[in-house]
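A.B. asks: I have a structure here, written as C-alpha cells, and I will follow up with some questions on it.
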Amino acid sequence: MRHRFCLCDHSLRDMFTHMQMTPVHLVIAAVAAFLAGGINSVAGGGTLVTFPTLMALGLPPVIANATNTVAIWPGTVGSLWGFRREFAQTETRMRWLVIPSVIGGAAGALLLRITPPNAFEKMVPFLVLFATVIFTARAPIQRLIKSAHPEAHRTKKWFVIGLVFQMLVGLYGGYFGAGISIMMLSALSIFGMTDMLQMNALTSLFSLCINGVAALLFIWASMVYWPYVLVMAIGSILGGYGAAGLARKIGGDRVRVFVLVVGYAISALLFVKMLR
C-alpha cells in the first residue's frame, strides 16, 4: 500500500528536483504566514494569502497545497487553546463531529494525492474563486446562523444531516481547505447552535482534526516541501499574536476587504494564466 500512496511517481519527484529556494524565498514565505496568522485571528481567509504565495515562489499547486496544510496546522492548535474555556462549555454531542471531520479530511487528502498534478493545476483558479466567494458570503451566512431556531434543529434527522454535511466539509478541507471555517459554522448551525464563541471553539477543534489528518497523509506521501514549513509555522503563530493587534486597530472590516481584494485578484490572474 505504501508504495502506491508515496511519492514514487516521477512526475512529483521531478517537481522537487526542479525547485529552487533562496533566503529571500524563506523571508517571503514567513511574512506571508505572519500576515495570514493575523488575518485568521481577526477575519479568517489567511490561506488565500499563503497558498498563492507558495505558488508564486515556484511550488507546484499540489505541493503548495500540501505544504500550506502542514505549515498552518500549529496555528489551529493555538486557536483551540485560545477558545479552551468556550470549548469546555460546548455540548458533548457536538464533539461527535470529530469523527466525520477526520474521515472527510483523510478522504480529501487521499483524493488530492491521486489527482493528477496537471488536473489539479487547472482546478486551482476555480478553488481559489470558490473560497473567495464563500468568504464574501460570510456576513449573510452569519446572519442566517443567528436567525436560526435552535430547538427546531435538535432532532435525529438534523443530527444525521449535520454529520453528513460536516464530512463533506472535511472532504473539501483535506483536499483544499480555504474557507472551511465558514462552512463549519454553517454545519454547526444545522445543529441549532447560536453561541458564536462556542461555535468558533468547535470550528478550531474540527480544523485541527481535518488539517491534522490531511497533514499526516501528506507527510507520509512525501508531498511536503519542508524548507518552508518551519518558517511558515513560526510566522503563523507569531502573526496570530502580533499582527492580530495591528489588524484590530485597522479594523476587521478593512482586513476582510483586503482578503477579498487579494482573493479575487489572484483568481483573475490564475484564470488569465490558465487561458493563455
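Positions of Cβ are set from backbone N, Cα and C atoms, glycine also.
Annotation source TrEMBL lists transmembrane segment at 21-42, 62-83, 95-114, 120-137, 158-191, 197-218, 225-243, 255-272.
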A.B. asks: Taking the transmembrane segment (158-191) as reference, which of 95-114, 225-243, 255-272 has the most Cβ pairs under 8 angstroms?
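C.D. replies: When the Cβ pairs under 8 Å are tallied, 95-114 comes out ahead.
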A.B. asks: Are the transmembrane segment (21-42) and the transmembrane segment (197-218) near each other by the rule of at least 3 C-beta pairs under 8 angstroms (pairs 6 or more apart)?
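C.D. replies: Between the transmembrane segment (197-218) and the transmembrane segment (21-42), contact is absent.
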A.B. asks: Can you tell me which recorded stretch out of 21-42, 62-83, 95-114, 120-137 has the most Cβ pairs within less than 8 Å of the transmembrane segment (225-243)?
C.D. replies: 21-42
A.B. asks: Which residues of the same chain, at least 6 past either end of the transmembrane segment (120-137), have a Cβ under 8 Å from a Cβ in it?
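C.D. replies: Answer is 44-45, 47-48, 51-52, 55, 60-62, 65, 112, 176, 178-179, 182-183, 256, 259-260, 263-264, 266-267, 270-271, 273-274.
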A.B. asks: Could you tell me what the rest of the chain brings near the transmembrane segment (95-114), counting residues at least six beyond its ends with Cβ under 8 Å?
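C.D. replies: Distal contacts: 5, 62, 65-66, 120, 162-164, 166-176, 187, 202, 205-206, 209-214, 217-218, 221, 223.
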A.B. asks: Could you give the residue numbers and ranges of same-chain residues that sit at least 6 residues beyond the transmembrane segment (62-83) on either side and whose C-beta is under 8 angstroms from one of its C-beta atoms?
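C.D. replies: Residues packing against the transmembrane segment (62-83) from afar: 12, 15-16, 33, 36-37, 40-41, 46-47, 50-51, 54-55, 112, 115, 117, 120-121, 176-177, 197, 200-201, 204-205, 207-208, 211-212, 214-215, 218-219, 221, 223-225, 228-229, 232-233, 236-237, 240.
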